[in-house]
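Below is one structure, written out as structure tokens; the observations come after it.
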Amino acid sequence: MVRSILNKYNIKGGTFDQHFLIDIGYLDRIVVAAELSPQDTILEIGAGIGNLTERLARRAKKVIAVELDPALVSVLHDRFDKVENIEVIAGDALKVDFPEFDKVVSNLPYSISSEITFKLLRYKFKLGILMYQYEFAARMVSPPGRKDYSRLTVDTYYFADASILMKVPKGAFQPAPEVDSAVVKLVPRPSPFEVRDEAFFLEFVAAVFSQRRKKLRNSILNTNSMLKIPDIKEVVNQLPDDFVNKRAENLTPEELASVANMLFDLKSR
């Protein structure tokens, strides 16, 4: 079915970071993972030829399908203009203001994985079932101290619970990507720790992970162009040695939040 759609519209893929999921088994598993109900409005980013779109529409109240590629937008209109519960939005998902939605289910364009994930996490929704490159997914869920533990891990944990549901081999796509993929379940929730200022915390995490191999004392001093803390050396000297003598990659999100809160309080005096 999926291959026949690609052939019918002479779609090759490869532009706009396109890798079409053609394995029906994985498509069906994604739909099951989304736990759809007839009351759900679903956002799909990078709808492609609509192979996932049509499966979502069978179970959901409405599917909002966002697609950038004009050729694929034409395919979606041709296939679904007469389907009442599918709305096609032509545009860049990073720039489009999303309508209200309950769940997001997508085979995401890999080149915008970070930006689109953090854009999504600013919206209110119940559940996300999202396809990423496997290495990216591993970074989202890594425990502290592992090589995959990163700014992405901490930022994701601040906004949501994330877990890898399944690994998807590159052969399940056409054209096949260079690496395997993974389906990630995202469940937004209130942060499990308190921060004084969210914008400062996120900037602090970005700063210290830009020098993840350095001790926190040095990474803070070296990235003050981002943090903009007056009298930075004096401020850092007031931080507990237990924190500043460790690397960012060895601190839990809660510990990083504690340091960010102390810095914010000290800079605000």
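Using the three backbone atoms N, Cα and C, a Cβ is placed for every residue, glycine included.
Here's what Swiss-Prot has on this protein:
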type	residues	note
BINDING	HIS19, LEU21, GLY46, GLU67, ASP92, ASN107	S-adenosyl-L-methionine binding site
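For the binding-site residues GLU67, ASP92, the ranking by surrounding Cβ atoms (within 10 Å, all protein chains) places GLU67 first. DSSP assigns ASP92 (S-adenosyl-L-methionine binding site) to coil in the three-state reduction, placing it in neither a helix nor a strand. Neighbour density for HIS19 (S-adenosyl-L-methionine binding site): within 10 A of its CB lie 23 other CB atoms from the protein chains shown. A coil conformation is recorded for GLY46 (S-adenosyl-L-methionine binding site) in the three-state DSSP classification, outside any helix or strand.
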